[in-house]
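Below: one structure, written as structure tokens.
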Amino acid sequence: MRNIFSKKKKGERERKMGTATVWWRVRGISVGVGSELRLSEARIRRRGISVSTRSSCCSSPLTLIVSSMPYEKELAAAKKAATLAARLCQKVQKALLQSDVHSKSDKSPVTVADYGSQALISFILERELPSEPFSIVAEEDSGDLRKESGQETLKRITELVNDTLASEGSNTFPSLTTDEVLAAIDNGKSEGGSVGKHWVLDPIDGTKGFVRGDQYAIALGLLHEGKVVLGVLACPNLPLASIGSNQQHSSNEVGCLFFAKVGDGTYMQALGGSTQTRVHVWDIDNPEQASLFESFEAAHSSHDLSGSIAEKLGVKAPPVRIDSQAKYGALSRGDGAIYLRFPHKGYREKIWDHAAGSIVVTEAGGIVTDAAGNPLDFSKGKFLDVDTGIIVTNQKLMPSLLRAVKEALNEKASSL
Ligand SMILES: Nc1ncnc2c1ncn2[C@@H]1O[C@H](COP(=O)(O)O)[C@@H](O)[C@H]1OP(=O)(O)O
Ligand SMILES: [Mg+2]
């Protein structure tokens with residue numbers, strides 16, 4: 001980030017009147033104030049430079065701040081937040097799977113990890129991005145924790161959050177009180193929308209997988225003016241090695257962090273590691289070789305429908321069924337080539353279940369649409385207005401996938 005004051009005044013008198021007559025040239029682009037500036041900002045963004053402006057009054061200089069690395073600070077904060085939240089969730093999942101006290105059908109450990117992850121991420125974003133106005137759209141709110149019956153759980157969550165913060169080094173972060181934890185959770189109450197910056201958070205995506213000891217993800221995306229511009233997916237149980245029919249990555253390690261920034265590609269690193277690898281979707285055009293990803297839970301997505309689509313495409317490999325947006329991560333690095341999600345009638349998709357995952361796939365070269373081929377619109381608040389389902393693949397396979405989906409949906413409709 002650097003300040004640029006290379007302004008060309010066109011007249012002190014006019015400037016004092018506050019008219020749009022003070023001009024700068026930045027990297028060959030003229031920018032001004034007021035409505036002129038809006039236009040210029042759009043032009044600058046198209047060139048991959050982010051701009052923010054401040055002007056306190058006409059007599060003080062206007063400041064134009066230009067960064068040639070848009071959303072860089074936000075990405076660093078999001079990676080840190082998701083990595084810490086993953087650490088908290090891993091601790092809870094380990095205790096859950098080892099414990100005699102909680103059965104797998106007991107929802108309380110999930111609750112503690114869900115709230116803890118949300119509080120931690122909200123706290124880190126506020127702390128790391130103090131000068132960036134933003135809101136957070138997240139899955140949880142603190143209503144139940146404020147009741148008498150929630151006090152023990154709140155204490156446990158606060159302990160977990162503080163233990164996780166302390167694991168970064170004793171002087172890195174302060175300890176939070178229970179009230180600060182409640183406030184951090186409630187920062188996630190935004191409704192999102194098409195104006196400004198909104199972080200979109202699923203603190204534990206795939207709670208069923210989390211309880212089973214399988215896949216889950218911490219999913220954090222950033223919307224700017226209604227578009228997803230950044231996404232981070234922490235997948236603590238996802239192997240670094242490929243899990244589909246395209247076995248191109250090999251490793252014994254488990255735990256992946258995927259991240260993507262608009263125009264900048266998608267990267268993967270080991271959770272807690274620092275070596276990042278750029279990843280790409282599998283660019284095949286023959287669906288017979290493809291692996292197809294879908295929900296582990298048949299209640300979340302129709303296995304029958306995806307089976308019928310796979311048959312029409314000639315997909316030979318059995319479906320890879322895993323929980324959470326880890327599916328988007330696996331697809332972005334080319335483990336398989338198709339992801340299908342067809343929830344049962346009446347289910348409304350939430351933006352936090354797709355924001356981070358969708359940019360991770362699109363920046364890796366893939367396409368994410370609804371079942372009719374429409375792009376997902378994240379600007380309408382908490383819900384996505386999708387036609388029937390969500391489909392994901394590479395550019396080459398999308399036309400045949402769309403045809404197969406249409407045929408399968410027609411057959412299903414005529415059989416009812
Ligand atoms: N009835 C449902 N149909 C479809 N998706 C659901 C349903 N109930 C919860 N989900 C959400 O679907 C996502 C998991 O999908 P998948 O099974 O493919 O991993 C999660 O976000 C999960 O919520 P949650 O995040 O609260 O677990
Ligand atoms: Mg979810």
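In case you wondered, yes, glycine gets a Cβ from its N, Cα and C as well.
What you are looking at is a predicted structure, and each value in this text was computed from that prediction instead of being measured.
According to TrEMBL, the features are:
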- Glu139, Asp202, Ile204, Asp205, Asp353: Mg(2+) binding site (BINDING)
Quick tally, other C-beta within 10 angstroms, Glu139, Asp202, Asp205, Asp353; top of the binding-site residues is Asp202
Shell of the Mg(2+) site beyond Glu139, Asp202, Ile204, Asp205, Asp353, same chain only (C-beta within 8 angstroms of their C-beta centre): Leu201, Pro203, Gly206, Thr207, Ala217, Ala219, Ser324, Gln325, Lys350, Trp352
Ile204 (Mg(2+) binding site) CB neighbourhood, other CB atoms within 10 A: 29
According to DSSP, which kind of secondary structure is Asp353 (Mg(2+) binding site) found in, if we only use helix, strand and coil? helix
